[in-house]
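Asker: According to Swiss-Prot, the active site, proton acceptor annotation covers Asp426, on the basis of sequence analysis. The ATP binding site feature in Swiss-Prot is assigned to Ile309, Gly310, Lys311, Gly312, Ala313, Phe314, Gly315, Glu316, Val317, Lys332; the stated evidence is sequence analysis. Here Swiss-Prot flags 1-16, 57-68, 131-168, 175-209, 472-489 as compositional bias 'Low complexity'. Annotated compositional bias 'Polar residues' per Swiss-Prot: 20-56, 91-120, in sequence order. Taken from Swiss-Prot, the feature domain 'Protein kinase' covers 303-631. Positions annotated as domain 'AGC-kinase C-terminal' by Swiss-Prot: 632-716. The region 'Disordered' annotation in Swiss-Prot covers 1-211, 470-497.
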Amino acid sequence: MYGGYSNQNYYQQPSGRPNDFQQQGNMPFSEPSQPMFSTNYMKQQGSQPSLQDRLTQQQSQPQSHNNQYYPNGGFTDVPNLNYPATPPPTQSIYSHNNNSNSKVYQSAQHTSPGQYSVASESGLYIPPPLQQQQNGQQSPVRSVHQQTQQTPPTFTQQQSSSQPQSPQHNTYHAQQQQQQQQQQQQTQQAQQQGQRQTQQQSQQQAQQQNGSANNYMYFERRPDLLTKTTQDKAAAVKLKIENFYQSSVGYAIERNQRRLELESELASQDWSEERKNRQLASLGKKESQFLRLRRTRLSLDDFNSVKVIGKGAFGEVRLVQKKDTGKIYAMKTLLKSEMYNKDQLAHVKAERDVLAGSDSPWVVSLYYSFQDSQYLYLIMEFLPGGDLMTMLIRWQIFTEDVTRFYMAECILAIEVIHKLGFIHRDIKPDNILIDIRGHIKLSDFGLSTGFHKTHDSSYYKKLLQEDEAKKQQQQQQQQQQLNLQKPQLPNETNNGNRNTMLVDAIHLTMTNRQQMQTWRKSRRLMAYSTVGTPDYIAPEIFLYQGYGQECDWWSLGAIMYECLIGWPPFCSETPQETYRKIMNFEQTLQFPDDIHISYEAEDLIRRLLTHSENRLGRHGGADEIKAHPFFSGVDWNTIRQVEAPYIPKLSSVTDTRFFPTDELENVPDSPAMAQAARQREQMMTQQQGVPQSNAKEDLPFIGYTYSRFDYLTRKNAL
């Protein structure tokens, strides 16, 4: 039993029963995954070389069976059968049926007949399906049946056919034939599907050549062929869609954040489950009310006007009362046409974003914002204490303790604006408001700017596609401002001593102090004009060069100087003269001899009113200014809970004694505001409703509407 195998058939089992290879009949050969006998075992028999060794020797020699891809094929002792060790590059067709019998039919490129194979999931190479050419000629690809007939039988097949076959062999052979039939059916289905795809492709190519193919439509963007009105409408629709989804996502994020904050707060409280559930239910009710509010469109008819409390270059501020709730607000009205004509679109958007994005006690709260065809409306909280300019007019000069209090609060307010990513650029006593408890809040962000694209004027210029003539005109105006001649001032060095002011400045006499008081009152009228006042603007802003948040610290130094000295550091009779003094601040910044201030106060002012690269707060921000010795002893965390130096006393919620309402009666409306008012009144008289605005002018104001969530629970709402 363990003798040599030299006299036996290598494919004949010792029992005389046909082996598995003989039972496969006409099935093609497959390369065995493992050798039939161990090499060491064969060497131990001491007989002639084993089949494995013979095959290894034959595979190492080049074969010449007219097979250019298979020089080292396997089983070369069997004629006309070559199985490559490495298959050539193939093209695959995937076939799948409901019985999960999947195959990939692979065909080698540029091969001769008989070299096509089918790769099954089991790794066997099976002959490919029969493919017929469309012209009726026989394809070089042969079917399994054809290949079996054309291939001459091997000596193993002849030997197996001469031997008697057992019933078990017949059953196994029948199963193999059934599998072959199934494979032939699958290949025929794949062939038919490939023929149908080929016919469809040929038909499509023919239709395209005849010019009758209309399966594809080619579009070209040609907005120049459309009218300007159509382009504006398309741009408006695009912005509305973007704003809708942006606001919806933002509201969902805020709603989820409010829920998480309340749950975190309730988890830290030792309350009963019933009380916690009531708090959650109350939040859900508020969310529902706010959702209805967002769907409600506010208008001017929802408010009753009480009186005018402020006027500006582009609008006015009124004291109003909401009809349904009776609460008092300050309504700021801006004329759309002036915003558009005076290139204030970016500033308007920045102001709205600052007020809407801030929930700080140092910034005026915005409750609603809406618009109509002519105006933009900002509904803000009403601060009955007036502004810092009113206090300066009444008290003339502050002590250092009072100045320290208000400057410390201004630092905290400016810090909040900077953390939001904005630059105010217009900090002055007029924009520092006093609340009912005497603490300050920043307002009027009409000149503020941020890092968002909608806060840049170039965004709106591109959006509105301004003509080149207007751009050139603006560039010429800017160039003229840069070419202003600087004043010929004497070359005086400032070694830190307090020198008297220059000859062309205001003299420090009692008579001139009375003139300064007159200047203060006229200063209010200057704020109402379109020119404005440059007393608190940093020099780098005038140069139209790059500047950062440090420009707001210059304004803080100018306000501090005015609180301690009694007038701004560079005040003059005309804005042009003020501009020249600011540009030469090294020579024009002087401290009077008859007014005593501490060394710390003067040092802080000088370190704020200096070049931007050396200015205090440029590198360390607000913390750098807080660390100055002038603010020694200030508790920055509880300063808003400290009693203010001055608390306004009011007789009613509509008391406006701290606002210059008497002066406003003598201030005429701007021509644009007067014309818009006449146009609105005329349209209302004719019962034609509010006049319709130009779609182009409405384009930059998409997304201006806003509603605050906690408008019902704000404690500072009157």
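Cβ coordinates come from backbone N, Cα and C, glycine included.
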Asker: Pop the Cα-Cα gap between Lys311 (ATP binding site) and Asp426 (active site, proton acceptor) into the table, whole Å please.
Answerer: 16
Asker: By the DSSP assignment reduced to helix, strand and coil, which category contains Asp426 (active site, proton acceptor)?
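Answerer: Its secondary structure by DSSP: coil.
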Asker: By the DSSP assignment reduced to helix, strand and coil, which category contains Lys311 (ATP binding site)?
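Answerer: The three-state answer is strand.
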Asker: For the domain 'Protein kinase' (303-631), what's the mean pLDDT in this predicted model?
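Answerer: Mean model confidence (pLDDT) across the domain 'Protein kinase' (303-631) is 77.
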